Amino acid sequence: MARPDLHGRISSLRKLHVAQDRVRVRRQVGRRDGVRLEIDGRWLTGFCSNDYLGLSQQFEVIAALQDAAARDGAGATASHLICGHHTAHETLEREIAEWLGYPSALLFGNGFIANLAVQQALLSEEDDVCVQDRLNHASLLDATRLAGCRLRRYPHLDVEGAMRQLKGAPEGAAMLASDAVFSMDGDVAPLRALSLVARMQDALFYVDDAHGVGVLGPQGRGCVADAGLGVAEVPLQLVTLGKALGGYGAVVVGDDALVRHLAETARPYIYTTALPPAQVAATLAAVRLARRDDWRRARLVELIAAFRDGARKHGFELMASDTPIQPLLCGEEATVMAMSAALEQAGFMVGAIRPPTVPEGKARLRVTLSALHTPQQVQALIDAIVQARDVVSRQPLRASA
């Protein structure tokens, strides 16, 4: 039998994506100014980034990056266990652990490899199992597959389903893993109830709080703290640095023994270059601002409420989210693509989320809010969405194949 030709396979997949009108396109950003983006020569007001606190362009953050780059250079030049672990890395780990109330922290290049590192290092036997919410981020799900352990999934937010899945796999070590804030829906996992399930089933509870830390909870400490939980209930927690903190990278916080084990055995940590010290210095400045500036979170709360009130008054279908992620359900993907295009014509950049990222018939506009938005910009967006809906409803839409 002839070996499959990879180029032929890729060509067939490309033709299918074109026929389905599902080709993914990268939009090139020329410049940024706060929440404004220059794309294709036009300035648009962005409601699509994860810069929830508006820290990515804050002058203290930029100054910290510039100063560290002048002192330490452009890169770490080695892995953490050779000579790439700088004072900046150590300080950032210590301050994030202290902020979140955890004994230890370990810095990773990004959240995807951090999730892989955790599962590969802890679930090393084929009888081990990772039980996950069906809507968890792809990095959590892919990490289980790559770790080689068993993956069992439960219906979204279904605590009893999580219990059933853990009971159904009693042989090996177990981890219960969940997003804290779900990135496409904006809702929050029932962390207290899940922590009880994990304890009853002798499973380690691991929470990915990529979208919560900095935004939710007391002093922005995230969903785990907001639920009144800590290291005793959630022994490991993922914090990403590229969303509310405006930079790049990820940190896993946890108890001393688990974090030490990751540092000594996690291949994605050991066999890669450490983050540039300048980037780490910028993130450290952002962490200090996030802890200090409660006004950023207060403004976000006001903007979220204003958006939801305005959208509800105009009859839009909202999802159960009190976070900066505010999806508007549009149904068919042809509708959401037309809505997104109409909004761009009106001067707004809003992400259109469609299958396979979300289920068929659940395409949506994914509006994300930042503390840098003004009430006037939020109202202008609502007005533009209403106009886009009216225009799109009168147009024949191209159906995907």
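Even glycines carry a Cβ here, placed using N, Cα and C.
Swiss-Prot has this to say about the protein:
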type	residues	note
BINDING	Arg24, His137, Thr357	substrate binding site
BINDING	Gly111, Phe112, Ser183, His211, Thr240	pyridoxal 5'-phosphate binding site
MOD_RES	Lys243	N6-(pyridoxal phosphate)lysine
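Annotated features taken from Swiss-Prot, shown on the structure.
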residue : record                              : contacts (Cβ under 8 Å, 6+ apart)
Arg24   : substrate binding site              : His17
Gly111  : pyridoxal 5'-phosphate binding site : Ser139, Asp208, Ala210, Leu238, Thr240, Gly242, Ala250
Phe112  : pyridoxal 5'-phosphate binding site : Ser139, Asp142, Ala143
His137  : substrate binding site              : Asn115, Asp179, Ser183, Asp208, Ala210
His211  : pyridoxal 5'-phosphate binding site : Asn50, Tyr52, Asp179, Ala180, Val181, Ser183, Lys243, Ala244, Thr323, Pro324, Ile325
Thr357  : substrate binding site              : Met184
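Between the candidate binding-site residues, Ser183, Thr240, the densest Cβ environment within 10 Å is the one around Thr240. As a whole number, the greatest separation of Cα atoms within the pyridoxal 5'-phosphate-binding residue list Gly111, Phe112, Ser183, His211, Thr240 is 14 Å. For the substrate site, whose binding residues are given in the record as Arg24, His137, Thr357, the maximum C-alpha distance rounds to 19 Å.
One way to see the shell of the pyridoxal 5'-phosphate site is to take the Cβ centroid of Gly111, Phe112, Ser183, His211, Thr240; the remaining same-chain residues with a Cβ within 8 Å of it are His137, Ser139, Asp208, Ala210, Leu238, Gly242, Lys243, Ala250.
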